[in-house]
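A short worksheet on the structure shown next.
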Amino acid sequence: MSKPKLVLIGNGMAGVRTLEELLKLAPGKYDITVFGAEPHPNYNRILLSPVLAGEKKLEDIILNDEAWYAEHGITLHKGKKVVAIDRVRRCVRTEDGTEAGYDRLLLATGSAPFILPVPGKDLEGVVGFRDIRDVELMLEASEKHRHAVVIGGGLLGLEAANGLKKRGMDVTVVHLLDTLMERQLDKPAAALLQRALEDSGLDFKLEAQTEALLGEGRVRAVRFKDGSEVPADLVVMAVGIRPNIELAKASGIHCERGILVSDTMQTFDPQVYAVGECVQHRGELFGLVAPLFEQAKVCANHLAEFGIARYEGSVTSTKLKVTGIDLFSAGEYQGGAGCEELLFQDPSRGVYKKLVVRDNKVAGAVLYGDTVDGAWYFQMMRDGTDISAFRENILFGQAHMGDSGHGAESHAARLPEDAEVCGCNGVCKKTIVDAIVQKKLFTLDEVRAHTKASASCGSCTGLVEQILQSTLGSDYSVSPAKKPLCKCTDLTHEEVREAVRIQGLKTIPELMGSLGWRTPDGCHACRPALNYYLLCQWPNEYRDDPQSRFINERVHANIQKDGTYSVVPRIWGGVTNPRELRAIADVAEKFQVPCVKITGGQRIDLLGVPKAQLPAIWAELGKHGLMSGHAYGKSLRTVKTCVGKEWCRFGTQDSTTLGIELEKMTWGSWTPAKVKMAVSGCPRNCAEATIKDFGVVAVDSGWELHVGGNGGVKVRATDFLCKVQTDEEVMEYAAAYMQLYREEARYLERTAHWIERVGLPYLQSRIVDDAAGRRALCARFLESQRKAQIDPWAERAQGAEKHEFEPLTPAERKAHACIA
Amino acid sequence: MSHWTPIARLEDIPRQGARVVASPQGKVAVFRTVDDRVFALLDRCPHKGGPLSEGIVHGARVACPLHNWVIELDSGQAVAPDEGCVRRFDVRLEDGMVAIALAGGPTGR
Ligand SMILES: Cc1cc2nc3c(=O)[nH]c(=O)nc-3n(C[C@H](O)[C@H](O)[C@H](O)COP(=O)(O)OP(=O)(O)OC[C@H]3O[C@@H](n4cnc5c(N)ncnc54)[C@H](O)[C@@H]3O)c2cc1C
Ligand code: SF4
Ligand code: FES
């Protein structure tokens, strides 16, 4: 059977990246043919600037050489421009008459420089800045001529001007407006930039409108509206780009400014996909590679017929690739209505930083002179991190945040070559830089795979990202906005959960099959997550997969460093009695438990129990009404209480009873990570409720509810959620909170991190403001608890999962047993 | 060869799981993969001695429960970037019976 045919028009960065992604997902699915108008294999267009500046050679920037196409069985037609698409016969034709039929067509025709429609635009010596040919023309001119004029003071224009200056030309940059890079920079940053570029020898002519290019044969000068002239033997037009859509338009595919595509990167004709600068998605055009690579991923997913990825637009950031100038810009850099601006200025050091903040989230950033924290701000911007907790320090950068781990060393560009970057794997900066350059790495993941840097503990991730940035001098190197769930897939936690829900996936093998998992049965990172997501989505149907649980949850006890286990019975609200205590004491004695310890969660830990003894101990405890305390699970752990108004002279409410009720409602529930609760009887807060995942503090008129606290490595005090009056309300809010956390947090994400990611206002909108929504969440929680509240110890004491606790016996002994 | 000691029927070992068998060399973990291949390793992680039999089995690998080192079941080698190796034992599957070469000798290593 012959394979379906895929034709790619446009042998550039977005199109070929799509093929690479496709080959990862479904190698050999298609017969692939590529048409490229340029006479080169796919190269890294971004690096044309350093090539022009003499910092790189042309051969250094080839991304996919001809051998790559051959190795993957791809037919490459270089130097052949497609001039017609026949959508009825499904075939394309080039200028020289070459034809190719397709089942799927991918348009990635990029864009072309916009050439000002002024007299003289066709003179020799007038070029755009887009491809290798343009660079060759510029280099030729720089050898023979003296005067260059660059029209356009944006990113591309400045990079061209810088390159030509480096090649020894006298360069004037002409710009229509009064500030440079107005699409990325605010005025103060633009002024700093202009001064630095002037110091390096560039001339500027701002607020100048070009009227004509003068000369016969070759250009000689540029004339402006005000009558003035500047000599020019070379004119580079860098005033903007226009998507290449003529071909698509002529074949009847719907276009506006670009080729219109849906979230699945399909054009109006479902056989035809489009990616890259030629597309228009939700009204937006794109001119940077980061979003194009995201599109490539989504498009490949659909070409591979996995059918689940969606492109929902991108946030982008920019860096100027002019050596010696540090500049970073992202998002809404201008600020304006509804925004606040945080500013830092140190003119003598030439440092300027501005963060635009909206609703306590970073909405944009402009950094000049010190861009070390660009990646960090950008990450927070994409993640929508709530910055209220550290906003007074945020401008000083991540190094001042206390526990980032790499403080002063984080000036990646200034690090010496032999500095160790990744302590775990002993990788120094030079190894990373060499790998990036020689193996042409683009992303953090690729650096990880090739050098192992940041592949282990990950605390050097930020630094590695900065090295990527300073080496490539570009913005596309930051890790993709979407973090895949694990290495077995490209999908995020959220995408997987959505697929589970929408496609009705009910088992792990089914899920892996239909979402195109790269491994036959996942890995130790994804399987527990998937097991949890399925359990959470289908509470009454899903059959738990013990083999996809960490050992602690599989055997319902905590493994200790010596391979023994600990046993912690539930002690409701921390209240016990002589009968229970006696039972625990008897068990400890009978089984010679080596250590008995009171835990921080107001219960008793029996440590050092061999695995084979667990069912017997549980059976014995069970006789006295003691059950599992889930001290080992990503689940509700304890509800800590104080003695409250029953005993305490300050107490205003019965915190103990409420604590016990909360524990009775929530025990047995599986959650993304462990959950601890506490109830205090007055604001003196003896139960330490304000460092718990859910804390309740009594006040005269009712209860205050607090969320997202955490003891541990980094202590985080809770956020105040709201105040309620009655015990019943506490229960309802607690259940709704638990369920929202269960449904929306990522596996292994504690409530503290979850809330920092989504922001307190979001929680309030779902739990406090939306009463109907809260009740629905509460109902779903209680429903999921119906089957969850089964004591796992009792089941196992009665023989469930027996094989877990018994070693195998070699056959000789077994044989005797049979005979006897 | 007479060194082969039958230890269990295949179905006694959970898929993507392991069972432990005592041997003169110490505890041995006998693994069964998702596609019913069997492997045996000493039940001691080369890192800090964690019980590999309690780890999550995926593909032909197991992740140690203590600090997540990943060990190749067929060779006993730790997957890079970690380095180390745990003793392996020959195992075979015949007529649904799992047998292991315990005492060393020609089939052991
Ligand atoms: C000098 C320069 C510096 C840049 N710096 C950065 C940067 O720092 N950071 C960043 O993110 N981005 C940067 N960019 C932008 C980035 O290079 C582009 O966004 C990216 O290359 C666009 O990819 P694409 O595949 O859509 O288009 P292209 O890479 O342009 O590929 C399109 C290809 O299609 C071919 N083609 C067009 N029509 C046809 C046809 N009919 N038949 C056959 N072939 C056809 C074209 O010849 C071209 O080779 C820079 C661009 C330039 C020019
Ligand atoms: S929190 Fe208040 S009520 Fe509870 S024990 Fe402390 S002082 Fe007493
Ligand atoms: S003991 Fe196995 S990973 Fe540490």
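Indices start at 1 and increase along the chain as displayed.
Glycine residues also receive a Cβ, built from the backbone N, Cα and C atoms like all the rest.
What TrEMBL records for A:5-284 is domain 'FAD/NAD(P)-binding'.
Annotation source TrEMBL lists domain 'NADH-rubredoxin oxidoreductase C-terminal' at A:317-384.
Among the features that TrEMBL reports, domain 'BFD-like [2Fe-2S]-binding' is placed at A:421-469 (among others).
The domain 'BFD-like [2Fe-2S]-binding' feature in TrEMBL is assigned to A:485-534 (among others).
Using DSSP to sort the residues of the domain 'Nitrite/Sulfite reductase ferredoxin-like' (A:560-623) gives these counts of helix, strand and coil: 29 helix, 14 strand, 21 coil. Look at TrEMBL and you will find A:560-623 tagged as domain 'Nitrite/Sulfite reductase ferredoxin-like'.
Taken from TrEMBL, the feature domain 'Nitrite/sulphite reductase 4Fe-4S' covers A:633-767.
Positions annotated as [4Fe-4S] cluster binding site by TrEMBL: A:Cys642, A:Cys648, A:Cys682, A:Cys686. The secondary structure of A:Cys682 ([4Fe-4S] cluster binding site), as reduced to three states from DSSP, is coil rather than helix or strand. Around the Cβ of A:Cys682 ([4Fe-4S] cluster binding site), a 10 Å sphere holds 20 further Cβ atoms from the protein chains shown.
The feature siroheme binding site is assigned by TrEMBL to A:Cys686. There are 18 other CB atoms within 10 A of the CB of A:Cys686 ([4Fe-4S] cluster binding site), with all protein chains counted.
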What's the number of neighbouring CB atoms sitting within 10 A of the CB on A:Cys648 ([4Fe-4S] cluster binding site)?
17
Determine, for the [4Fe-4S] cluster site, the additional residues of the same chain whose CB lies within 8 Å of the mean position of the CB atoms of A:Cys642, A:Cys648, A:Cys682, A:Cys686; present them in sequence order.
A:Val643, A:Gly644, A:Phe650, A:Gly651, A:Ser655, A:Ser680, A:Gly681, A:Arg684, A:Asn685, A:Ala687
Roughly where does the domain 'FAD/NAD(P)-binding' (A:5-284) sit in mean pLDDT, to the nearest integer?
94
Interface present between the domain 'Nitrite/sulphite reductase 4Fe-4S' (A:633-767) and the domain 'NADH-rubredoxin oxidoreductase C-terminal' (A:317-384) (three or more C-beta pairs under 8 A)
yes
DSSP residue counts for the domain 'BFD-like [2Fe-2S]-binding' (A:485-534), split into helix, strand and coil:
26 helix, 0 strand, 24 coil
